[in-house]
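What follows is a set of notes on a single structure, which appears directly below.
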Amino acid sequence: MGVERIKAAFENGKKAFIPYVMGGDGGLEILKERIRFLDEAGASIVEIGIPFSDPVADGPTIQRAGKRALDSGVTVKGIFQALIEVREEVQIPFVLMTYLNPVLAFGKERFIENCMEAGVDGIIVPDLPYEEQDIIAPLLREANIALIPLVTVTSPIERIKKITSESEGFVYAVTVAGVTGVRQNFKDEIHSYLEKVKSHTHLPVVAGFGISTKEHVEEMVTICDGVVVGSKVIELLENEKREEICEFIQATKQKEEA
(Lines of atoms letter the chains of each structure in order from A and count residues from 1; the text may use other names and numbers.)
(Lines give C-alpha, C1' and ligand atoms only; values in the text may rest on other atoms or scores of the structure.)
Protein backbone atom coordinates (compact mmCIF):
# COMPACT_ATOMS: atom_id res chain seq x y z
CA MET A 1 0.00 0.00 0.00
CA GLY A 2 2.68 2.49 1.02
CA VAL A 3 2.04 6.03 -0.17
CA GLU A 4 -1.61 5.23 -1.05
CA ARG A 5 -2.40 4.13 2.50
CA ILE A 6 -1.10 7.48 3.82
CA LYS A 7 -3.10 9.41 1.19
CA ALA A 8 -6.28 7.64 2.28
CA ALA A 9 -5.81 8.95 5.85
CA PHE A 10 -6.36 12.50 4.56
CA GLU A 11 -9.06 11.90 1.92
CA ASN A 12 -12.31 13.88 1.83
CA GLY A 13 -11.24 16.50 4.34
CA LYS A 14 -10.22 14.02 7.03
CA LYS A 15 -8.06 15.46 9.80
CA ALA A 16 -5.27 13.12 10.91
CA PHE A 17 -4.40 12.30 14.50
CA ILE A 18 -0.94 10.70 14.49
CA PRO A 19 0.25 9.31 17.84
CA TYR A 20 3.92 8.46 18.38
CA VAL A 21 5.03 5.32 20.19
CA MET A 22 8.60 4.27 20.89
CA GLY A 23 9.38 0.87 19.41
CA GLY A 24 10.21 -1.59 22.17
CA ASP A 25 9.46 0.68 25.16
CA GLY A 26 7.97 -1.87 27.55
CA GLY A 27 8.77 -4.72 25.18
CA LEU A 28 7.68 -5.79 21.71
CA GLU A 29 4.40 -7.37 22.85
CA ILE A 30 3.50 -3.98 24.37
CA LEU A 31 4.34 -2.30 21.04
CA LYS A 32 1.92 -4.59 19.20
CA GLU A 33 -0.78 -4.11 21.83
CA ARG A 34 -0.41 -0.31 21.69
CA ILE A 35 -0.69 -0.29 17.90
CA ARG A 36 -3.85 -2.41 18.12
CA PHE A 37 -5.30 -0.03 20.73
CA LEU A 38 -4.50 3.09 18.66
CA ASP A 39 -5.99 1.51 15.54
CA GLU A 40 -9.21 0.58 17.38
CA ALA A 41 -9.38 4.04 18.99
CA GLY A 42 -9.46 5.67 15.55
CA ALA A 43 -5.95 7.09 15.13
CA SER A 44 -5.24 7.94 11.48
CA ILE A 45 -1.57 6.89 11.24
CA VAL A 46 0.80 5.55 13.89
CA GLU A 47 4.36 6.85 14.10
CA ILE A 48 6.81 4.31 15.50
CA GLY A 49 10.14 5.46 16.85
CA ILE A 50 13.32 3.45 16.30
CA PRO A 51 15.33 3.87 19.53
CA PHE A 52 18.76 5.46 19.12
CA SER A 53 21.49 6.36 21.60
CA ASP A 54 21.92 9.97 20.39
CA PRO A 55 18.40 11.28 19.63
CA VAL A 56 19.18 14.93 18.87
CA ALA A 57 15.61 16.00 18.02
CA ASP A 58 13.90 14.30 20.96
CA GLY A 59 12.86 15.88 24.23
CA PRO A 60 13.30 14.20 27.63
CA THR A 61 10.14 12.03 27.54
CA ILE A 62 10.97 10.42 24.19
CA GLN A 63 14.66 10.14 25.12
CA ARG A 64 13.71 8.23 28.28
CA ALA A 65 11.40 5.93 26.29
CA GLY A 66 14.20 5.23 23.79
CA LYS A 67 16.67 4.51 26.59
CA ARG A 68 14.24 2.09 28.22
CA ALA A 69 13.87 0.27 24.89
CA LEU A 70 17.63 0.09 24.29
CA ASP A 71 18.33 -0.96 27.90
CA SER A 72 15.88 -3.84 27.53
CA GLY A 73 17.82 -5.14 24.52
CA VAL A 74 15.31 -4.24 21.81
CA THR A 75 16.78 -4.37 18.29
CA VAL A 76 15.75 -2.87 14.96
CA LYS A 77 15.17 -6.41 13.65
CA GLY A 78 12.95 -7.15 16.65
CA ILE A 79 10.84 -4.06 15.97
CA PHE A 80 10.41 -5.08 12.34
CA GLN A 81 9.33 -8.57 13.41
CA ALA A 82 6.73 -7.09 15.79
CA LEU A 83 5.41 -4.88 12.98
CA ILE A 84 5.19 -7.85 10.59
CA GLU A 85 3.08 -9.69 13.17
CA VAL A 86 0.73 -6.82 14.02
CA ARG A 87 0.36 -5.75 10.36
CA GLU A 88 -1.75 -8.89 9.83
CA GLU A 89 -4.31 -7.45 12.26
CA VAL A 90 -4.45 -3.73 11.40
CA GLN A 91 -4.72 -1.50 8.34
CA ILE A 92 -3.56 1.75 10.01
CA PRO A 93 -0.60 3.32 8.14
CA PHE A 94 2.82 2.84 9.78
CA VAL A 95 5.35 5.68 9.64
CA LEU A 96 8.80 5.04 11.13
CA MET A 97 10.68 7.86 12.84
CA THR A 98 14.36 6.95 12.72
CA TYR A 99 17.69 8.69 12.77
CA LEU A 100 19.98 7.98 9.84
CA ASN A 101 22.55 6.02 11.85
CA PRO A 102 20.30 2.99 12.62
CA VAL A 103 19.35 2.80 8.92
CA LEU A 104 22.99 2.76 7.77
CA ALA A 105 24.09 0.42 10.57
CA PHE A 106 21.34 -2.05 9.61
CA GLY A 107 22.16 -1.61 5.92
CA LYS A 108 19.90 0.73 3.95
CA GLU A 109 18.80 -1.87 1.38
CA ARG A 110 18.08 -4.39 4.13
CA PHE A 111 16.28 -1.73 6.19
CA ILE A 112 13.95 -0.86 3.30
CA GLU A 113 13.33 -4.54 2.48
CA ASN A 114 12.28 -5.02 6.11
CA CYS A 115 10.04 -1.95 5.86
CA MET A 116 8.29 -3.52 2.88
CA GLU A 117 7.85 -6.83 4.70
CA ALA A 118 6.42 -5.03 7.75
CA GLY A 119 3.98 -2.93 5.73
CA VAL A 120 5.68 0.38 6.59
CA ASP A 121 4.17 3.22 4.54
CA GLY A 122 6.47 6.14 5.31
CA ILE A 123 9.72 7.14 7.01
CA ILE A 124 10.80 10.32 8.79
CA VAL A 125 14.55 10.87 9.21
CA PRO A 126 15.00 14.08 11.24
CA ASP A 127 18.78 14.26 10.84
CA LEU A 128 18.83 13.65 7.07
CA PRO A 129 19.36 17.01 5.31
CA TYR A 130 17.36 17.58 2.13
CA GLU A 131 20.64 17.90 0.19
CA GLU A 132 21.62 14.35 1.21
CA GLN A 133 18.28 12.60 0.88
CA ASP A 134 19.46 10.65 -2.17
CA ILE A 135 21.21 8.36 0.32
CA ILE A 136 17.84 6.60 0.68
CA ALA A 137 15.20 8.47 -1.37
CA PRO A 138 15.56 6.47 -4.64
CA LEU A 139 15.30 3.16 -2.77
CA LEU A 140 12.21 4.36 -0.91
CA ARG A 141 10.54 5.55 -4.12
CA GLU A 142 11.17 2.17 -5.69
CA ALA A 143 9.57 0.53 -2.64
CA ASN A 144 6.57 2.93 -2.72
CA ILE A 145 7.43 4.18 0.78
CA ALA A 146 7.07 7.91 1.45
CA LEU A 147 10.07 9.89 2.70
CA ILE A 148 8.23 12.42 4.87
CA PRO A 149 9.89 15.86 4.78
CA LEU A 150 10.31 18.09 7.83
CA VAL A 151 10.12 21.86 7.54
CA THR A 152 10.68 24.34 10.36
CA VAL A 153 9.63 27.83 11.33
CA THR A 154 13.02 29.11 10.19
CA SER A 155 12.94 27.39 6.75
CA PRO A 156 12.94 30.03 3.96
CA ILE A 157 9.92 29.79 1.65
CA GLU A 158 12.03 28.78 -1.37
CA ARG A 159 13.47 25.91 0.63
CA ILE A 160 10.00 24.80 1.76
CA LYS A 161 8.83 24.78 -1.87
CA LYS A 162 11.89 22.80 -2.99
CA ILE A 163 11.65 20.25 -0.15
CA THR A 164 7.92 19.62 -0.53
CA SER A 165 7.76 19.59 -4.34
CA GLU A 166 9.58 16.25 -4.54
CA SER A 167 8.05 14.65 -1.45
CA GLU A 168 5.25 12.19 -0.80
CA GLY A 169 2.90 11.33 2.04
CA PHE A 170 2.58 14.52 4.07
CA VAL A 171 4.69 17.46 5.21
CA TYR A 172 5.76 17.38 8.86
CA ALA A 173 5.73 21.03 9.97
CA VAL A 174 7.79 21.46 13.13
CA THR A 175 5.91 24.00 15.25
CA VAL A 176 8.63 24.93 17.74
CA ALA A 177 12.31 25.70 17.64
CA GLY A 178 14.17 23.01 19.54
CA VAL A 179 13.36 19.46 20.57
CA THR A 180 10.11 17.57 21.03
CA GLY A 181 8.19 17.79 24.28
CA VAL A 182 5.14 19.21 26.02
CA ARG A 183 4.48 22.96 25.55
CA GLN A 184 1.90 25.23 27.18
CA ASN A 185 1.06 27.34 24.13
CA PHE A 186 2.12 28.33 20.63
CA LYS A 187 3.16 31.73 19.36
CA ASP A 188 0.94 33.60 16.89
CA GLU A 189 3.56 33.35 14.15
CA ILE A 190 3.05 29.56 14.12
CA HIS A 191 -0.37 30.13 12.52
CA SER A 192 1.03 32.22 9.67
CA TYR A 193 3.91 29.75 9.26
CA LEU A 194 1.51 26.80 8.88
CA GLU A 195 -0.66 28.73 6.44
CA LYS A 196 2.48 29.60 4.44
CA VAL A 197 3.56 25.94 4.29
CA LYS A 198 0.06 24.88 3.21
CA SER A 199 -0.03 27.45 0.43
CA HIS A 200 3.23 26.13 -1.07
CA THR A 201 2.63 22.39 -1.17
CA HIS A 202 0.20 19.94 -2.75
CA LEU A 203 0.62 17.59 0.22
CA PRO A 204 -1.30 17.51 3.51
CA VAL A 205 0.49 19.48 6.24
CA VAL A 206 0.76 17.97 9.72
CA ALA A 207 1.90 19.95 12.77
CA GLY A 208 4.19 18.33 15.31
CA PHE A 209 6.52 18.95 18.29
CA GLY A 210 5.07 20.26 21.54
CA ILE A 211 1.38 19.46 20.99
CA SER A 212 0.12 18.27 24.35
CA THR A 213 -3.49 19.35 25.01
CA LYS A 214 -6.88 18.96 23.34
CA GLU A 215 -6.86 22.74 22.87
CA HIS A 216 -3.55 22.50 20.98
CA VAL A 217 -5.05 19.80 18.76
CA GLU A 218 -8.18 21.84 18.04
CA GLU A 219 -6.09 24.95 17.34
CA MET A 220 -3.72 23.18 14.95
CA VAL A 221 -6.27 21.21 12.94
CA THR A 222 -8.23 24.36 12.13
CA ILE A 223 -5.13 25.52 10.23
CA CYS A 224 -3.56 22.32 8.91
CA ASP A 225 -4.47 18.73 8.06
CA GLY A 226 -3.45 16.89 11.19
CA VAL A 227 -1.24 16.66 14.25
CA VAL A 228 1.50 14.41 15.60
CA VAL A 229 1.39 13.95 19.37
CA GLY A 230 4.45 12.23 20.80
CA SER A 231 5.63 13.04 24.32
CA LYS A 232 2.09 13.41 25.67
CA VAL A 233 0.96 10.08 24.16
CA ILE A 234 3.98 8.33 25.70
CA GLU A 235 3.10 9.85 29.11
CA LEU A 236 -0.56 8.83 28.82
CA LEU A 237 0.28 5.27 27.77
CA GLU A 238 2.81 4.99 30.59
CA ASN A 239 0.24 6.19 33.15
CA GLU A 240 -2.60 4.08 31.71
CA LYS A 241 -4.68 7.17 30.84
CA ARG A 242 -5.84 5.85 27.50
CA GLU A 243 -9.21 7.59 27.64
CA GLU A 244 -7.35 10.90 27.27
CA ILE A 245 -5.80 9.65 24.00
CA CYS A 246 -9.33 8.83 22.80
CA GLU A 247 -10.34 12.41 23.69
CA PHE A 248 -7.47 13.75 21.54
CA ILE A 249 -8.70 11.62 18.64
CA GLN A 250 -12.27 12.90 19.10
CA ALA A 251 -11.02 16.51 19.20
CA THR A 252 -9.34 15.91 15.83
CA LYS A 253 -12.38 14.28 14.23
CA GLN A 254 -14.69 17.09 15.35
CA LYS A 255 -12.70 19.51 13.20
CA GLU A 256 -13.12 17.52 10.00
CA GLU A 257 -14.71 19.35 7.12
CA ALA A 258 -18.32 18.47 6.39
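Just so it is clear, glycine is given a Cβ too, placed from its N, Cα and C backbone atoms.
What Swiss-Prot annotates here:
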- GLU47: active site, proton acceptor (ACT_SITE)
- ASP58: active site, proton acceptor (ACT_SITE)
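If you measure from the Cα atom of ASP58 (active site, proton acceptor) to that of GLU47 (active site, proton acceptor), you get 14 Å. Under DSSP, ASP58 (active site, proton acceptor) is assigned to coil, being neither helix nor strand in the three-state scheme.
Within 10 Å of the C-beta of GLU47 (active site, proton acceptor) there are 25 other C-beta atoms, taking all protein chains into account. Of all Cβ atoms in the shown protein chains, 26 besides its own fall within 10 Å of the Cβ of ASP58 (active site, proton acceptor). DSSP assigns GLU47 (active site, proton acceptor) to a strand in the three-state reduction.
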